[in-house]
Amino acid sequence: MVLRYNSPRLNILELVLLYVGFFSIGSLNLLQKRKATSDPYRRKNRFGKEPIGIISWWILGIALTYVVDISNLVIYALRVPNWWPCKTTVVCLILFLLFWIIVLISCADSKALPKNADSILKAYRLSVLYVWAIDIVFETIFIVYSPHPNETFQGIVLADHVARLVLCVFATAIYLTYRRKRHTHDPLDFEERQLTEESNVNENAISQNPSTVQLGVSASTSNFGTLKSTSKKPSDKSWAEYFRSFSTLLPYLWPTKDYRLQFQIFICIVLLFLGRAVNILAPRQLGVLTEKLTKHSEKIPWSDVILFVIYRFLQGNMGVIGSLRSFLWVPVSQYAYRAISTKALRHVLNLSYDFHLNKRAGEVLTALTKGSSLNTFAEQVVFQIGPVLLDLGVAMVYFFIKFDIYFTLIVLIMTLCYCYVTVKITSWRTEARRKMVNSWRESYAVQNDAIMNFETVKNFDADDFENERYGHAVDIYLKQERKVLFSLNFLNIVQGGIFTFSLAIACLLSAYRVTFGFNTVGDFVILLTYMIQLQQPLNFFGTLYRSLQNSIIDTERLLEIFEEKPTVVEKPNAPDLKVTQGKVIFSHVSFAYDPRKPVLSDINFVAQPGKVIALVGESGGGKSTIMRILLRFFDVNSGSITIDDQDIRNVTLSSLRSSIGVVPQDSTLFNDTILYNIKYAKPSATNEEIYAAAKAAQIHDRILQFPDGYNSRVGERGLKLSGGEKQRVAVARAILKDPSIILLDEATSALDTNTERQIQAALNRLASGRTAIVIAHRLSTITNADLILCISNGRIVETGTHEELIKRDGGAYKKMWFQQAMGKTSAETH
C-alpha cells in the first residue's frame, strides 16, 4: 500500500500545508481589488497573456489529480469489503481539492486579480508559491518511501504523486524564468516614460483644478448642472483599505473618558461569550432529554426539562443574554452616534470656503446623516461578525469531538461555499446598490434644489420642468432599486440551496450511524438541532455581509468628506489677533481662484484706524474677493495682509473673524426667531442690548408690528422678511457684535431711499472710531468716505476722496458718478 494511506503523520503534515495555503489565500482575498501598481514606471509584462493560461491549466491539473485520487479511493472501497482509508486521508484529499478549486476560481476571477502575469505572480507569491515549494518536498517523500505498486490502485496513487511533483516543479521553473527575465529587461523606454509623465501631469492638473473639467451639455435632465466625476471608484478599494479608512474614526467611537461606558462594553463582551456557550448547551441538553425520554422510564426528567427551558430562555438575540447585551449597548451606541455626528458637522464647518462654494447642499446633508451607518459598521464588526465566526468555529470543533471528522468537514465545506457564494453575489450586488444609493442622493438633491429655490421656480413658472426633472431622477432610482431587489432574492435562493443540501448529507450520514449503532437517537437530535441552529448565523452572515456592504456604501461619502482637508489652516501654536487700532494694510496682494484667470493683481492700500475705505467699480472686478481674503476664506497667492502689523496668516482664524463684523449684500438668516438671528452675533447679549442694536438699525419698530414681535420666525433663509428687513437685521447683528473692523458689502443696496438714509446714519455711527471697508454700488452713499478705491479687472485704477476723483477728467469714478446721476434724473423724469 502507498505510504500516504498508512501514515497519519504525513497526513498531519499535509493538513499543516493546507492550513498555510488557506491562510495565504484568505490574506490575498482580504487585500484583493487593489491596483496592480502605483508605479508609473513599472515594467511591462514580458510574457503577455500566456502565463495566465499556463498557471490556470497547472492549477486545474493539480485539482484533477485529487479528483482522480478520490475516485480511486471510492472505487477501491467498493471493490474491497470492509476496507476504508483512514479519516485523515479522506479529509486531506477533500480539503486539498477544495483548496485548489478556490485557487482556480480566484485566478479566473478578473476582479480578484489583475489581468497580467506580473501582478498574478506578485499577488500569489506568498500564497501559492510557498505551497509549491512545500508540496514538492512532501510529494518527493511520498514517492521515495512508497513501496513498489502491486496493483492498479497503488499504481494510480503513485502516478498522481508523480504528476503533482512534475506540475509543481514545472510551475516553479516558470516563476524562476519569469524572475530572471524580469530583472534582465530594461525599463520603459524614454518615449513611454515621457508619455507617462505627461499623462500624470495632466491628471494632477485636473485633480488640482477641478474647474478645468468641462461641463457636458445633455438633453437629459439628469445631467442638468452636474459635473462628471473623475475620482476613484470606491469599489476599487480592498477590505484592508476600507478598515484603514474607518480606523481613523475609531477614536470617536470609543468612550475614552467615560469609564462607566467602558465597563458596560466589557460586560457586553462577557455576555457575548456566554451566548456562545449557551448555543452549545441548548442542543446538547435537548439530546440528553431525548435520550431519557426514549428509555420509556416512568420518571419524568423534570430537571432536564427545566434546564432545557432555561437554556432556550437565555439563547439568541431575543433571549435574556442577547436582550441584556443590547440594552447595555444602547448608551454606548448613542455616545458613538453623537461623537461621529458632531465631529462630522464640526469638520464640514472647518472646511475652507472653496469646499462650500463647490458643494451640493443636499448631497452633503445626506452624507452627514449617515453617521449612524458608521456606528452600525463598528457594532457589526465587533458584536455580529465575531459571534458568527465563533459559532461556526465552535460547531466544527464540537462536531469533531462529539461525532466525527466527516461532520466537521460537512460544516466546513458548507461554510466555505456559503460564504464564498455570499461574498461573490454580494460583491456583484454592491455596485448595483451603490448606483441605487447615488441615484437616490441625486433625486434628493434635485428635490432639495427645487424646494430651496422655490421663489425662483415660481418666478420662471418652472413647476412642470422641476416635476419632470425630479420624476426622471426618481425613475432612475427605481430602476436601480429593482436590480437590487432581484439580486437579493437570487442570493436567498442560492444560500437556501447550499444549506439544505448540506443538511441533507449530514442527516443521511447521522441516520446511517444511528442505524448501525455508532450513535444514539439523542445524538441525531443534537446534530439536527445544532445544524438548524447553524442556519441562523449562516443566514445572518449573508444579511450581515449585505448590511456591512450597505454601511460601507452609506458612509463612503461621509468618509470622503472627512478626507477633505481645509486649504486654509492655522499655523501651529498661532497666537490670537490683538487689535489695538484697527490698521489694515494690503501689500502687493495678488489672488486667483483659478491660476489661469487672476482676480486681484498687486493690490496696495492702507485702511487707517477709524477711517472709511470705499471700494467701487464694475461687477466682477474683485471687490467682494478683497473682503473674502481679509476674512481669510482664501489665502493670497502673493503679498500680505496685516492688521496692526500682524499678518493674518500668522494668527488664529477665530480671533481674526471675531474682530471683524460683516454686513453682506445678500443676508441669509436662520429659520428661527428674529431674536435668535440678532443674538447670533453675541450669544451672551441681553435683551436690552438686542433692542438697542435693533433701534440703531432702524428695525425695532418694524419688529414690534409683527404678531409675535421678536419671537416671529423668519422662515427658511429669512424668506418671510423683505429684502430691506433682512438687511436691517444683518446690520443689527453687526452693531451688536461691536467689532473693531467693519466690512459692508453694499449693505444698503436692498433698501428704499428713505430707509437708506436712516441705515446710512446708523452705519456711520457704527463705523465711528472703527476701521470700515465698504463696497458701494450707489456712489451717493460713500461721498464722505476717507478714501475711495476704484477697482477694474482686479487692479486699483484710481484712489482719492470723492472731491478729488470727481475732478479728474476721464476718470473711471467720474464716469460712474455721472452715469448714476443721469440714470437717477431719467428715472425721476419718467
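Cβ coordinates come from backbone N, Cα and C, glycine included.
Feature annotation from Swiss-Prot across N150, N650 places N-linked glycosylation site at N150. For the residues N350, N671, the entry in Swiss-Prot flags N-linked glycosylation site at a single position: N350.
Ranked by how many other Cβ atoms sit within 10 Å of their Cβ, the binding-site residues G620, G622 place G620 at the bottom. Fewer than three CB pairs closer than 8 A are found between the transmembrane segment (381-401) and the transmembrane segment (88-108), and contact between the two stretches is not assigned (pairs 6 or more residues apart). Distance from the CA of E431 (glutathione binding site) to the CA of Y593 (ATP binding site) is 36 Å.
For E618 (ATP binding site), the Cβ neighbour count at a 10 Å cut-off comes to 13, with all displayed protein chains included. Looking at Q495 (glutathione binding site) and I626 (ATP binding site), their Cα atoms lie 64 Å from each other. By the criterion of other Cβ atoms within 10 Å of the residue's own Cβ, the least surrounded of the binding-site residues I493, I626 is I493. Counting Cβ pairs under 8 Å to the transmembrane segment (88-108), the stretch among 263-283, 403-423, 490-511 with the most such contacts is 403-423. Counted within 10 Å of its Cβ, the other Cβ atoms near Y593 (ATP binding site) come to 15, all protein chains included.
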